[in-house]
Amino acid sequence: MKIIFILMETVKFLINQDLAEAFKANGLEMAGEALVQPADLDRADFTCNLCFRLAREAKCAPNVLADKIAEAINNKYKKSEQNEYKVYSTSGYINFTVNDSYKINWLNEVEAKGLSAVIKAADKKMDINLEFISANPTGPLTLANGRAGFLGDALSNILELVGHKVTREYYINDAGNQIKILGRAVKARLGLIKAEDNYYQGEYIADLAEKFKDQADLEDEDFGRVLAEYLLKAEIKPVILHSMGVKIESWISEYKDIRRVGFLEQILAQLKETVYTYKEEGAVWLKTTAFGDDKDRVLIKADGEMTYFLVDIAYHYHKLQRGFDKLITILGADHYGHIKRMQAGLRALGYDPKLLEIVILQMIKLYQGGAEIKMSKRAGNYVLMQQALNEVPADLLRFYLLSYNPNSQVDIDLDALSSKSDKNPVYSVQYMFARLNSMLQKASELKILEFNADELSDEWQRLFKELYYLPQAIERAGENCQPNLLAGAILSLALTFHKYYEKERLIVFDRVIFSRHLLIKALHISVKEALKILGISAPDRMIK
């Protein structure tokens, strides 16, 4: 850990020690980290809310307990010259303000080493497999698939920043019933068979029929696999890797890497060796209820066909055989029931179910002309990711989708989103960076005044605190698989900065104010790094 960073952390450590001592004096035990970000940054630098949890044990109201703890700490230092921090209580909260010299030191650290220098590394660094998008290659990439792409890309960046090794993976579902249906849909378009309601529709089916009519004599699944391979190469990968700017290192084929090499048979044999499989009505079942699932699941149907559940178990086992410490999978809301059954499958094979974390991504609802657009790949009703990117700048679409909790539905008004209005979140964030860049350029050739504590206005303090808590937002985003926490913190920082920009000048009478200059430099570095983590560009100049 860097020495200057230790200074700020030392104050927090000292406060935690003093809190623990004061609680103990009142017959209470304080476990772990007690300091959190204040709800109101204008009131304090740190706050402790433990009095609400410990009030019952203390047999008094939270505000009474907070008053006692604050008084105990103040009495401890009553006759000393301790000035590292000040403490006071309000409405059950114990609030702390830190000496400004520590804030200046923290900014110096950021300016010298970058934002990453003040981000805490993960306690246990892991080799993580992060699977995302994995859209069936039965049609072009949709906007809903794109949301998963942006989420997986940003989350990968965050996890790598805190010290993990991340493999970004796309699972290609190029076998099974969906692929057969794709092949039959194109054959129906060619008039070779009768069309059915469950066949895929859309202009791309007509295009495939024209391109691959000479291979339509193949068996349905073989033909579908030829089509899927083309769609992946021509329609899916270019959008992900180039249009969206998403990085994926590993592409795993269900057909080539799981089915063709006999992996399904191997896993089935292993499961049959456990006490968790049984035969009933001609089918082979896995007793997932033994692990908390609401019902047992079929592995082999009565007709001998292997289920997708067995394929999924085999694929996750394939991941673990490659040596990953943790598996993170981003799935759509329609896969919510997948969680318990997959954890049960891993437990049946002898693995800790905690190795697998499934992030559920809720639906996107689209509106245009005031009406909802019903999306279905089979029905041919959907908004392609490339179409959306043609209408909306990639930075805007990416930031907008990342600003939502993955488990929250996103409502998109295409008319509003595709408008050229500058009143959008990403504009505010990028304009902040452009302003910071301009301020530093203007100050580069001027004399910087010596530090004066009187320069640290309330506005400066507020902006500093927003920046100080940005690394913690990154840490929490990684711990909870929620890049929206970082997106929200950057937007909040931008809104505070624009208010600060209008009130306080960096340059006064051709002289640069030291504390403001240092804060602006640290902001400039941090905002650029934070935007890079989310995959958003940081333009040096913007025209308002």
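In case you wondered, yes, glycine gets a Cβ from its N, Cα and C as well.
Under the heading domain 'Arginyl tRNA synthetase N-terminal', TrEMBL lists 9-98. Here TrEMBL flags 429-542 as domain 'DALR anticodon binding'.
The average pLDDT computed for the domain 'Arginyl tRNA synthetase N-terminal' (9-98) is 91. Counting residue by residue with DSSP, the domain 'DALR anticodon binding' (429-542) contains 81 helix, 6 strand, 27 coil. The helix, strand and coil residue counts that DSSP assigns across the domain 'Arginyl tRNA synthetase N-terminal' (9-98) are 41 helix, 17 strand, 32 coil.
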